[in-house]
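This report concerns only the one structure given below.
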Amino acid sequence: MTARIGVVTFPGSLDDRDTQRAIRLAGAEPVALWHKDKDLKQVDAVVLCGGFSYGDYLRAGAIARFSPVMEPLLEQAKAGLPVLGICNGFQILTEAHLLPGTMLRNDHLHFICRDQKLRVENAETAWTTDYTAGQEIHIPLKNNDGQYVADERTLDELEAEGRVAFRYLDFNPNGSQRDIAGVTNAAGNVVGLMPHPEHAVEPLIGTGRTDGLPFFTSILKKLVNA
Amino acid sequence: MSRTPLDTVEHAAATPDVELPWAELGLKKDEYERVVEILGRRPTGAELAMYSVMWSEHCSYKSSKVHLRQFGEKAPQSDAMLVGIGENAGVVDVGQGYAVTFKVESHNHPSYVEPYQGAATGVGGIVRDIIAMGARPVAVVDPLRFGAADHPDTKRVLPGVVAGIGGYGNCLGLPNIGGEVVFDACYQGNPLVNAGAIGVMRHEDIHLAKASGAGNKVILYGARTGGDGIGGASILASETFDDAKPSKRPAVQVGDPFQEKLLIECTLEAFREKLVVGIQDLGAAGLSCATSELASNGSGGMRVTLDDVPLRDSTLSPEEILMSESQERMCAVVEPEKVDRFLEICEKWDVIATVIGEVTDGDRLEIYWHGGKIVDVDPRTVAHEGPVYERPYARPSWQDELQADDAGKLPRPATSEELKDQVLKLVGSPNQASKSWITSQYDHFVQGNTVLAQPEDSGMIRIDEETGLGVAIATDGNGRYAKLDPYHGAQLALAEAYRNVATTGAKPLAVSDCLNFGSPEDPAVMWQFAEAVRGLADACQQLGTPVTGGNVSLYNQTGEAAIHPTPVVAVLGVIDDVARRTPVAFQEEGQLLYLLGDTHEEFGGSAWSQVVHDHLGGLPPKVDLERERLLAEILISASRDGMIDSAHDLSDGGLIQAVVESALLGGKGARLIVPDGLDAFTFLFSESAGRAVVAVPRSEEVRFNDMCGARGLPATRIGVVDGDSLDVQGEFTLSLSELREAHEGTIPALLA
Amino acid sequence: MARVVVDVMLKPEILDPQGQAVQRALPRLGFDGISDVRQGKRFELEVDGPVDEAALARIHDLAESFLANTVIEDFTVRVEEAAEAVK
């Protein structure tokens, strides 16, 4: 048996097909979800992929957050449905308050696209068990609004509870506080990060590394073994 | 106050003496007289608007047409060509049932006025050309040219252009995989912002811009129509209506990449369901162009009700609606029974779509406004039978003097120390320096099929996940070479792009070009243009790569000073399995470096002559197209059979530039030995064409040498990949960190 | 210290994709009856010393040459009295 993982397409989503490919390569079954859907088609997990939903107008993720599909998603995520937000998906999750903090414009004010080194800080979330804590990986990063910010108390809390899931290594590409690249909720089912694991799943393509594949094998194992 | 009566066809016929502002709209007297002759009466204001934009240089190619014909007349026999010149973009067969469409266009002047929006809408326009062929866009490339790197205005124009290209292309989800950035004082005030795009489709999905089948509906979809880019038509409006001044019309068009992304998805979905008979994007000349081209390429006529066009600004006059260049709009011809489904798909994607007319039995294009017929023309006279000029051209008087000013006579470095300093100066000069500050603002990864992106010799995209089939594209142009000799300069641009495609392991198939020149009214410029076209057409014929389409940009000049003639050439190639691609970066220490081709003392127009002596004179490197073809065959075979692990073409900056780039990208140094018969200076800086440097694993050396020997390509062992510095034996050593600082520090220091 | 506010808006005839996207989202969120939205930027400049005509003229120049892109944007400059009083 395998797991069915939904990928939501909002107007302006860009990496929906790439994310479906990554899910397929990991051995799971991708299920296309549409932003106007009012139910989640009984998927076992959901990925909110990267892109510029609604052109990133107003604020990145701010308009997509109010899409019909977000209602069942919010409800089920709070009940434990695994959700991964990548880049714009992360921004949507923070706008929806499923994850703390928010993303500002990169501190250098430019879009940045690079092969980014990260450290996996938490290898116990639903999406990271195939990594080991402290593992160093390279994942492509590409965004305009990637500067993670939250108030000091929230940041301290995240650190204390081990909820900083990924940290930028060697180079902080956007001015994120405490080099934070991704965070998880307390239950570990909702994870968001700015870099794009779905772009690091095949040798030869992109940077030629496959450091992103464990995101998708982690969730598959969790769902199949559940 | 009252309006004068609507200027209908009837009204025009009844009032032959009404003076129209044809001169203000850019028509010449004889052109206007020709319109009157075609119609047998004076045109209406709306007709005049259409003829004036469609007969402009930009839309009609009236100065360049007589020369461009050579691309067709001299086109080599090629089985790969599916759709040629004249459509929105050419289409090439790349095997396995796939077809690829690609094109390069200019958006030069708008990018000078408003760099961000000018460049952004340039990307938008070329991408719509690709969609209009039925293809999914898969990548973009951007050849750019700016004034001197340290000129204050470059700091205004360049960051805006780069942000605009990124802002639009990134938001569309198109990987940016190639292009160039060149600085030269000649582009001050006339930056060249060329934009290229590639799209992929199955053969059966090719769509054309034609309206056929009487009763079929014409649907306008996408953004609402505003008063964008209609400076000229506003004159008409103000003369036609005497009651109120028209509201202000924006000189600059603002792009909405989000709208364009929806347009892409919705159009592709309509294609998938086979709902579209013919399709045309709205670019320059907007509805005037789309309706007249669709109608003239089809079998029937067309009737359009302009009142049905959704407007952003309700004060627009019909002339303005016809001329508006509002972005992100397309026009489709759809069978009546499929209209509902088409509109449904548009609604799904939140795209406004409106039936504005239908295909008719006749052969006229008729346009109505408020119940009156304001246009009644033969669409072919608007779209295809515009004026054609045989502009006078003459070899400029200064050409001989320029060519006599031989760069070979320039003082060369006298000591090893001086040679080393010049190497550092060269690789750190703005034109030769790393452009990663620019290219890192573009998304390379989106769509998950990027195999190679800049600074590789060509960008490469996988198009089939199962078989690994891929396409490569390279764009090149060297205005300095073309200034010295436009005929050979254009050929060198083609040779370089061709070589770049082959260096990555792909087989060159077809060509698109963007020809950037000064004013055609200057016989010297016209000569440069004529020579460049002739050179390019001859070379395409010899290399067997047909020109599938392209774009001409004239009047790139300020006062008397024209830019260097700058033909930019894009070559598209195919590779059976992207796993066999060859990258630029050194892969493994111990691999042997071979220089392929012959090196002569050729410094005319070279980067060295520019960087060290600020000199431009003499002749550009010699062109040997048979040698280029042989080199390409060797590079492709070596890639396919796994005989080389990295390769880099030699062009501006010569061998040293190529080796430094391979070393820095791979993080591995090299030891070089100056071959017998060459001095170190010529070895390092000559820009002889038809050359590449390859890294051969030791286990493959014999096989590789045998292949080159058997096929008669000179291959000289020049060193080995080794260590963390670049050592030119007997001359100097430079550490990679020194080189990196020089090569990578320049652009951020100038622009960040 | 006084505060001068510079509001920068796209010129009315220029397409505003951002405002349009916001406006289209409104009905979905249950906000009816809003026919158009345009989005702009607001700059708050804290000025040392008196805001006299010369100072305003300088700020006007600053807005025209730097804060606004007058090819596509209009701007207004005004002194915010209330802020002055509070501080």
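Backbone N, Cα and C atoms are what each Cβ position is placed from, and that goes for glycine too.
Fair warning: this is a prediction, and the values are worked out from it, not measured in the lab.
TrEMBL lists A:Cys87 with the feature active site, nucleophile. Residues or ranges marked as active site by TrEMBL: A:His196, A:Glu198.
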**Message:** What whole-number Å value do you get for the CA-CA distance of A:Glu198 (active site) and A:Cys87 (active site, nucleophile)?
**Reply:** 11
**Message:** Using a Cβ cut-off of under 8 Å to chain B, which of the active-site residues A:Cys87, A:His196, A:Glu198 qualify?
**Reply:** A:His196, A:Glu198
**Alpha-carbon spacing, the residue listed as 'active site, nucleophile' to A:His196 (active site), which is rounded to whole Å** = 7
**Fill in**
Here the 10 Å Cβ neighbour count for A:His196 (active site) comes out at 29
**Asked** On a count of neighbouring CB atoms within 10 A, which of the active-site residues A:Cys87, A:Glu198 is highest?
**Response** A:Glu198
